[in-house]
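As recorded in TrEMBL, the features of this protein are as follows:
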type	residues	note
ACT_SITE	A:T190	active site, nucleophile
BINDING	A:T153, A:K179, A:T190, A:E275, A:N399, A:S404	substrate binding site
2 protein chains.
Amino acid sequence: MAVGDAARPVLHPVAGVRLGTVSAGIRRPGERDLVLIECTGSVRIAGVFTRNQFRAAPVRAAEAHLASDQPRYLLINTGNANAGTGAAGEAAVQSNCQALADTIGCRPTEVLPYSTGVIGEPLPAATINAALPAVQAALDENGWALAADGIRTTDTRPKGRSQQIALSGGTVTLTGIAKGSGMIRPDMATMLAFIATDADIEAGLLRQLLREATAVSFNRITVDGDTSTNDACTLIATGQSDVAVDSDSADRARFTEALQDLCQALAREIVADGEGATRLVSVEVIGAKRVAEAERVAFTVAESPLVKTAVFAGDPNWGRILAAVGRAGVDDLQVDGVAIAIDGLPIADQGGVSPRYDEALTCARMRADAFTITIDLGRGEQSATVWTCDLSYEYIRINAEYRS
Amino acid sequence: MAVGDAARPVLHPVAGVRLGTVSAGIRRPGERDLVLIECTGSVRIAGVFTRNQFRAAPVRAAEAHLASDQPRYLLINTGNANAGTGAAGEAAVQSNCQALADTIGCRPTEVLPYSTGVIGEPLPAATINAALPAVQAALDENGWALAADGIRTTDTRPKGRSQQIALSGGTVTLTGIAKGSGMIRPDMATMLAFIATDADIEAGLLRQLLREATAVSFNRITVDGDTSTNDACTLIATGQSDVAVDSDSADRARFTEALQDLCQALAREIVADGEGATRLVSVEVIGAKRVAEAERVAFTVAESPLVKTAVFAGDPNWGRILAAVGRAGVDDLQVDGVAIAIDGLPIADQGGVSPRYDEALTCARMRADAFTITIDLGRGEQSATVWTCDLSYEYIRINAEYRS
């Protein structure tokens, strides 16, 4: 189940990046489950990782390798998260990095490992190692779509976005893929996302651009409020276009906007493909004193099971929205100043139902695939939008019938 | 749906308290929906109310009357929460208090109003007023069981507890009833609970006893993480036994323990009757540095949809528990020091699955009506227990198919 049709946009190749995808036999036979990304040139890589304290072994290794070396290979397996696996999990990830280094001829610390899938099962390191020659042989500049498929777990469809950006020095390409459907409440990055550009961007700026973009995209989505042990978002800049993005330039603003658009599109794709999702909801909080306050109210509404089941029902049960706003912990909230609308249709104001409320019209809007709940706190100029989905029978089925 | 059989304990009458219950026609025809509690003697009443900022009109009125007068009548309607109703809601509650004052011959501020049910619909004040003579005529010292039935909304069964406590000056009685099934994540009190004793307790101590008891009972339960607009817990002491409870006495300790036991029993009853609940889970966090830290971890686990669906499935998916602990925001948590057990059976330690883990045995425990998840943070001496239930198809049905 997923909201709307799968977007299958063209994924432009990025000069300096090749991707290989194979079926290594980690998941069900024949399913793609191993991806290798190779970066060449004066490549710089920035990464943000989950803040969950039970961070998986590959997350810890990837962070360490980014800090100590200049990685150029990303090895991603699905079907097993290698989380909650203790010392054996660390040994497995080192085995994979060493085996890839031996296959390719590089240092193990030039490899960034990523795993996603079931928590607490031993990672089949030998199975992965046996598939490394095949995944190396599959490396292809046009490998983005296959890789988007190869990193999926419970995702019902692959997620990718791509665009070309005209900068003062020439055109650069920005292409990204992501996976994620459950255990989605990023606190830093989320899920897995791999984004690459051929722009030339200095390492410190690259990290800053990634932090800024995740803050308003992957860090503003929720499916079930559960932050994963394996979330990671990686941004690669190969510099192969010879077009530079510098701080304080108009190009930086243009590139930032494009990167944030792309991250938001991927983030919304994750929510639209959230476990059991039938509707995609933007919860927009305006009139807040601070952005953090707007985010907090938006997340409280976006994660309320009562709001999410009302959305599943297509029922404008505004009392549930109002009750969630009321428990979001906003100091000195003047409840009479709060107004709620759905796709611009007034629902509640002055602490009660709006005199302009039209139930039939509002129900019709809420039965669309996607709509926006706007909450005006009426006390400031700041705002934030969080994307969420509904809570359906299918969510229960996915999470109660299968071990994920 | 509810966990286990309904407890129908004897509810001892409390000297000085009479209760009347009638069908006023607020809910479906013939259903009991209006309760009056009359307190006589040197009665003292303490109340704790929801911290939700969208507090219902009756909550605001009850607080004001408690602060300004010495109330002796509690008027409770179900079927309508009179929340999110603006100025009309305030007028409705004043109309009810005035009408009861006229019927009985008291001041309107001697009446504490309580409402529970749908949010945002106008309260049918005239319907309630018309039933006041009947509910007054129904007042009866043995009216507790009928009143427990009369305050229900989506509760599948009435909830009551009663005990007699031997104190140095004689025996006192403690009897309480509660309602609540959805929108349960108390932040102060929760739901509605009415508890009375014939002990003689000074007003300040009574408030303190109630705060202490709710902190470890109603404030430690969650069904869906949503804090209601109408939560209230009221403790009445009539003094009719002529047995006093004073600060700093052994009697105070005995009474405190009995009150906390009773509140915890009622609180667990609410979770066991949580919307769609099939299992009652105690989430016990030990080895914490502070109680607040233990509570935070326990609530994070208790509210995780992934943990709750695994409980519904009877699946010891400890990776989900571990991931929830990891995102609970405990500073400097040493993940290798965390151990998780289910009914004492070791599940996880050292950051991974326990070598003593027995899946078949653990599954069998998790398929019981009730079990305990114990999480040892291994960093201190503090602890807290939170009670929760599972997340089932029935929860979705209840909240998506009906406007509640």
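Here the Cβ of each residue, glycine as well, is placed from N, Cα and C on the backbone.
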Would you mind checking how many other C-beta atoms are within 10 angstroms of the C-beta on A:T153 (substrate binding site)?
21
Cβ within less than 8 Å of chain B, restricted to binding-site residues A:K179, A:E275, A:N399, yields A:N399
Name the secondary structure element type, per DSSP in three states, that contains A:N399 (substrate binding site).
helix
When you measure from the Cβ of A:E275 (substrate binding site), how many other Cβ atoms are you left with inside 10 Å?
29
